Amino acid sequence: MAHSTPRRLAGRLARHVLLVGTAAFALLPFIWMVSLSLKPPDEIFQAEFRLWPTTFAGIENYGVALTAAPMFRFLLNGLIICTAIFTLQLLVCVPCAYALAKLRFHGRDTLFSAVLVGLLVPPQALAIPHFVMLYVFGLLDTYAALILPWVISAFGIFLLRQFFRSIPDDLIHAARLDGLGEFEIIWRIMIPMSAPALAAFGIFSVVAHWNDLFWPLIAVRSEEISTPALGILLFRDDEAGQFLGPLMAGAVIIVTPLLLGFLFAQRRFIDGLAVTITK
Amino acid sequence: MSVTALDENRPVRPPARESAATRSSEAKVGWFTVSPALALLIGLLFGPAAAVVLFSLTDWQLGSTSFQFIGFTNFTALFDDPTFWKALGNTLLYVALVVPGTVFLGLVVALVIEASPSLRGFYRAMHFLPVMSTMSAMAIVWGTMLHPTIGLVNRALAAVGITGMNWLRDESTALIALAVIGIWQGFGFAMVLFVSGLKSIPQQLYDAAAIDGADGILDRLCIVTLPMLGPVIMFIVILTASRAFEVFDSVRVLTQGGPNYASEVLLHRLYTESFDFLRTGYGAALTVFYLAIVVALTLTQAKLLERRVHYA
């Protein structure tokens with residue numbers, strides 16, 4: 001037993017050494033990005049590398065990023081689009097999920113099978129017809145083009161239905177006896193009681209659409225309605241983007257909001273994602 | 001996304017209690033509440049999916065007013081196109097690199113994080129950051145890290161006396177570099193899934209193994225942890241594979257499929273054919289092929305999940 005304490009200590013140390021190593025792999029691009037965003041060009045191209053700049057050029061770099069490209073506009077667009085998508089998804093998915101979970105009507109099982117089939121279709125496979133539809137209605141290069149294709153979410157319906165089913169029927173019976181209509185039941189019982197599922201779905205939805213590049217690249221050309229993921233590319237392709245410092249500053253501005261959101265609510269984020277995907 | 005085994009046969013509530021009148025009103029409310037979702041499912045999902053199949057059988061080009069049904073000509077053209085085979089081969093190679101890397105690294109990190117409570121939450125959060133980050137921006141950052149002269153990678157290699165290369169511009173390394181970026185982005189997600197899998201292993205199993213004399217780290221790992229994680233591992237493998245098949249952002253931002261198609265992948269090919277060259281019919285054929293692969297993968301995933309439910 002005498003040797004167990006130093007062995008344990010060595011084990012603990014090994015754990016931290018290994019995790020610091022893998023965490024470094026995960027964090028290196030972020031550290032590198034911030035480091036470059038604070039440096040003047042000559043230091044970026046210098047043969048010798050320093051993490052912290054000798055001449056601090058952070059203010060210039062971030063200034064260029066913010067003035068040469070409408071960075072705040074990109075962030076605002078991301079906010080507008082993600083909010084709109086998630087709100088509309090809820091308006092469509094919650095009632096449907098409620099009916100699929102708690103109401104009995106002819107054709108319900110068929111509809112649920114359709115939702116399951118819908119889960120199979122990757123969104124990228126619908127890009128051509130969605131593009132054609134938006135083209136026909138003259139909606140390309142508008143907010144609508146970024147929002148409309150995502151209003152329906154088979155995943156959202158599926159996830160919420162599973163959760164609604166776990167809410168006891170007796171609660172709904174009691175509510176009906178109290179004279180509550182079905183929409184009041186949804187609004188006053190189902191929604192408050194399924195906050196964890198709604199939050200998890202919200203995380204999925206916002207992360208997916210904030211970070212998506214594929215669809216904005218197809219649907220949008222103008223800088224004014226670009227999402228963050230597309231905006232940083234437009235900035236790179238601009239002349240201003242030739243300078244690495246401002247480009248990295250732009251990347252920091254684009255990446256930070258979601259990461260901050262995550263760091264503030266990480267337990268909920270991680271548990272929500274894990275539960276949703278494995279349940 | 002997952003399709004769990006569902007106990008469809010269980011009645012939603014006991015049928016004896018209600019009258020015919022509440023039933024018919026329930027049916028009315030039911031159809032009323034699902035109608036927007038149903039309309040959108042058809043209009044935005046199933047309709048478009050059918051349209052892609054239809055487009056793939058025509059010679060239509062976006063913007064042109066007429067088209068003809070040309071049967072499977074687009075598919076023949078697709079299968080005759082060497083860049084398509086290159087893209088398919090590269091995608092498979094990318095998946096073959098990213099899946100083991102992501103799953104192995106995710107598993108190791110999860111095991112080591114869960115081995116002790118100290119700094120557990122902190123490590124989890126740090127490893128998870130890449131999952132949350134906007135890939136198009138981080139791809140640009142990776143581009144500078146892999147830059148031949150000023151990049152971090154070659155500078156680090158130079159420090160130990162190794163001459164680096166132009167990773168993203170060299171045919172032999174471009175796809176590998178993208179795979180490393182893919183692993184970087186995804187292994188934190190695998191870790192989180194492994195952590196929740198580890199939490200569901202009952203402590204009694206470890207106690208029982210200890211009584212049988214298996215109390216070393218490796219014994220516990222081989223006798224209890226890995227066998228119990230088996231189904232979770234399968235699930236994560238399939239999930240990682242599905243995500244790897246969708247690789248696009250890093251390719252688009254960093255290599256555009258080059259050099260000389262060395263990093264061309266299916267989804268990027270689909271994008272360029274459909275939206276750069278506006279070859280709608282051809283792009284649709286490629287989409288149908290892509291759709292078939294993803295559907296097959298997802299169905300395998302659902303099947304495995306069903307098995308896992310029986311297993312547990």
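Cβ from N, Cα, C; glycine included.
The transmembrane segment annotation in TrEMBL covers B:29-57 (among others).
Residues annotated as transmembrane segment in TrEMBL: B:92-113 (among others).
Among the features that TrEMBL reports, transmembrane segment is placed at B:125-145 (among others). Tertiary neighbourhood of the transmembrane segment (B:125-145): same-chain residues 109, 113, 151-153, 168, 177, 181, 184-189, 191-192, 249-250, 252-254, selected by CB-CB distance under 8 Å and a gap of 6+ residues from either end.
Beyond the transmembrane segment (B:174-196), the same-chain residues lying 6 or more positions past its ends with a Cβ under 8 Å from any Cβ of the stretch are 90, 93-94, 97-98, 101-103, 105-107, 109-111, 113-114, 124, 127-131, 133, 135, 138-139, 142, 146, 167-168, 229, 232, 235-236, 239-240, 243-244, 247, 250-251, 254-255, 258-259, 262-263. Taken from TrEMBL, the feature transmembrane segment covers B:174-196 (among others).
Annotation source TrEMBL lists transmembrane segment at B:217-241 (among others). Under 8 Å from some Cβ of the transmembrane segment (B:217-241) lie the Cβ atoms of residues 95, 98-99, 102-103, 106-107, 111, 186, 190, 193-194, 197-198, 201, 205-206, 209, 297, 300-301, 304-305, 307-308, 311-312, all in the same chain and six or more residues away from its ends.
What TrEMBL lists as transmembrane segment is B:280-299 (among others).
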Same-chain residues at least 6 beyond the ends of the transmembrane segment (B:29-57) with CB under 8 Å of its CB atoms are 69-72, 74-75, 280-281, 284-285, 287-288, 291
